[in-house]
Structure formats: structure tokens, C-alpha cells
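Everything on this sheet refers to the single structure shown next.
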Amino acid sequence: MSESEAAEGDSRPRGREVWIEKYRPQTLDDVFGQEHIVERLESYIAKDDLPHLLFAGPAGVGKTTCATAIAKEVYGDEWRENFLELNASDERGIDVVRDRIKNFARVSFGGFDYRVIFLDEADALTSDAQSALRRTMEQFSNNTRFILSCNYSSQIIDPIQSRCAVFRFAPLSDDAVEDQIRAIAANEGIEVTDDGVDALVYAAAGDMRKAINGLQAASTTGDTVDEEAVYAITSTARPETVQEMVRKALDGDFTAARSQLDTLITEEGIAGGDIIDQLHRSVWEFGLADREAVRVMDRIGEADYRITVGANEQVQLEALLASLALEPEE
Ligand SMILES: Nc1ncnc2c1ncn2[C@@H]1O[C@H](COP(=O)(O)OP(=O)(O)OP(=O)(O)O)[C@@H](O)[C@H]1O
């Protein structure tokens with residue numbers, strides 16, 4: 001979990017159990033929406049032939065969940081003693097990681113052939129640190145299995161990738177997120193309207209952690225979770241507002257588009273980067289003519305790049321709207 005996600009956790013209601021943990025699947029069978037991955041993992045366990053694994057994919061899609069579920073299935077009640085979870089970006093460098101790995105790998109527990117080390121955010125390690133990790137993996141390969149987790153497998157050096165079975169976790173489907181949201185709401189006795197479910201699914205964009213946190217936070221604001229509560233609590237712009245803003249710009253009305261953007265950023269507190277992400281996700285659903293959609297997409301790419309290299313988000317979004325307004329369609 002990244003720092004921002006931990007911070008997001010801070011806004012969760014206090015004094016109540018955290019639902020992402022309460023509803024974390026305990027077995028591979030219970031993991032939603034990653035059927036192909038689960039099938040292959042189960043077959044390794046059935047054959048008692050677990051290789052090193054590399055899990056790549058976005059946040060909140062089940063990478064850590066699958067790693068702990070593997071440990072629970074392999075070790076049963078003794079899984080905690082045989083499973084070490086480390087966060088590559090938490091530690092003060094590869095030396096600390098290596099020491100902890102060595103201390104853990106040296107000892108066996110409960111008569112099992114190997115212990116499992118789960119290294120989250122492995123892509124936070126520099127190439128040099130990854131080379132050192134690769135040597136450590138080799139040194140302990142007879143009694144340790146590594147599960148590495150990262151956002152992008154391209155950030156992991158080839159010699160590590162080639163030692164692992166690589167699994168690419170996709171964002172969860174809307175159906176998978178909806179099923180879990182409805183199941184949790186029913187179990188917690190919470191009323192969620194259909195538009196509330198749709199809003200949670202939209203705001204989550206395939207991230208189950210975000211969907212469940214959104215549901216829990218929204219459930220504390222009133223008796224019923226509806227779209228209004230969800231959009232407010234998840235700091236997500238309504239898709240129709242984003243669409244309207246783009247439409248105004250394309251029609252040449254920059255002032256109106258800019259004022260809508262201003263409302264989103266200053267009044268609703270939505271981050272510029274999140275608006276870009278929403279634009280990117282939804283532009284094909286705006287019903288724009290192909291030429292318009294392509295033009296918007298081109299400008300999104302430019303703004304996204306500039307924001308990534310450090311430019312001011314609001315300035316870039318305004319420049320995006322301005323450039324759409326400059327060339328109104330005939
Ligand atoms: N596929 C899934 N099925 C059911 N619940 C899920 C799934 N993926 C995530 N969750 C829920 O979201 C929470 C966070 O998921 P998890 O820790 O597995 O994410 P992750 O993919 O490892 O992300 P990160 O890289 O940010 O750590 C889980 O505790 C669980 O409640």
C-alpha cells in the first residue's frame with residue numbers, strides 16, 4: 001500500500017473495523033475477477049511446485065491478497081510464521097531488506113520445505129538494489145520462495161523477471177467491483193441505491209480497495225449511500241460534469257469551461273491529476289465525433305505528460321480547455 005493510500009485510510013471512520021481487511025478474501029477461491037491468475041496459482045499449490053512469482057498491476061486488485069491466500073493455503077494455521085511481508089519502499093535500503101530476508105530464510109518453521117517472502121513495491125528498488133536482491137534470491141532459492149509485487153513489470157530488471165513466473169493483474173471489471181460492493185452492503189445491512197453502486201464502481205476504476213473504502217466512508221454520512229454521498233466522499237467529479245466542461249470548450253466557450261473546471265478544483269476539492277484520469281477514462285463515452293475525441297485525447301496526453309514532469313495541474317488543465325476552444329468545430 002502506498003503512502004497516499006495509507007493517508008486515504010486515515011479518513012476512514014474510526015472505531016469501526018476496516019472493511020478492506022474484514023472483507024479481504026482468505027482463500028484464492030474467494031478472490032474476485034482474477035480467475036486466470038487464481039487457476040494457475042492453485043495449480044502450483046496442488047502440485048506443490050511454487051516458483052518465485054512476480055505480481056504486476058495497479059493498486060487494489062488483489063496482489064497482496066493472493067500472496068497471503070497462497071501462504072494460508074500452503075501453511076494453514078502456521079502461515080504467519082512462514083510468511084514475511086516487506087515493503088521495498090518502507091525500508092532504508094537494500095541492506096536492511098537483505099538482512100531481514102537472510103534472517104528469515106535461514107530458519108525453517110513447522111517442517112515445511114520453504115518459507116515465503118512477499119516484497120511489496122519491488123519496483124521502488126533501484127537497479128543496483130534489484131541486482132543485490134537477485135543474488136539473495138539465488139542464495140536462498142532452496143528454502144525460500146519470493147513473491148514480488150509491483151505496478152509495472154518493466155521496472156523490474158530482466159534477470160529477476162526471468163527467475164519468476166510473471167502474473168499481470170488487470171484492473172477489476174465493473175461487474176466484479178459491483179458484486180463485492182453489493183455483497184458487503186448486504187452483509188453490513190446498508191442501503192445503497194443503484195446510482196450509489198454505479199458511482200462507487202465509476203470512482204473505483206477497477207480498484208477494489210477504493211470501492212470498499214468509499215462504501216465504508218459514505219455509509220457514515222447518512223442512512224442511505226447514494227451517488228451524491230459517493231462523489232462527495234471519494235472526491236470524484238461526476239462524469240456528466242466533466243463531459244459538460246469538455247463540450248463547452250469544444251463549442252468555443254472557454255470562459256464557461258474554465259469556470260466549471262474552477263468549481264471542480266476549488267469548490268469540490270478534486271485534484272487536477274484525477275480530472276485528467278477521469279477525462280482519459282471517459283472521453284470515448286462522451287458521444288463526441290471521432291475527430292473531436294481524437295483532438296481531446298491528444299491534448300490529454302500532452303497535459304498528462306507535463307503534469308508528470310512537474311507542471312502545475314490547474315494551468316495544464318486550463319491550457320487543455322483553451323486549446324480545445326481555439327479550434328471550434330464548424
Ligand atoms: N480481487 C479482489 N477480490 C476481492 N477483494 C479484493 C480484490 N482485490 C482487492 N480486494 C480488496 O481490496 C483490499 C486491498 O487489496 P490488495 O491489498 O490485494 O491490493 P494490491 O493489489 O496488493 O494493491 P497494492 O499494490 O496497492 O498493495 C483487500 O483487502 C480486499 O478487501
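Cβ from N, Cα, C; glycine included.
What TrEMBL records for 49-174 is domain 'AAA+ ATPase'.
Less than 8 angstroms from the CB of Val61 (ATP binding site) sit Gly33, Gln34, Phe169, Ala170, Pro171, Leu172, Gly206, Asp207, Met208, each of them six or more residues away in the same chain. Feature annotation from TrEMBL assigns ATP binding site to Gly57, Pro58, Ala59, Gly60, Val61, Gly62, Lys63, Thr64.
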Composition by DSSP (helix, strand, coil) of residues within the domain 'AAA+ ATPase' (49-174):
53 helix, 28 strand, 45 coil
Within the chain of Pro58 (ATP binding site), which residues six or more apart in sequence place their C-beta under 8 angstroms from its C-beta?
Asn151, Phe169, Pro171, Gly206, Asp207
Quick one: which of the binding-site residues (Pro58, Ala59, Gly60, Gly62, Thr64) have their CB closer than 6 Å to ligand 1?
Ala59, Gly60, Gly62, Thr64
Cβ atoms within 10 Å, counted per site: which of Ala59, Gly60 has the most, among these binding-site residues?
Gly60
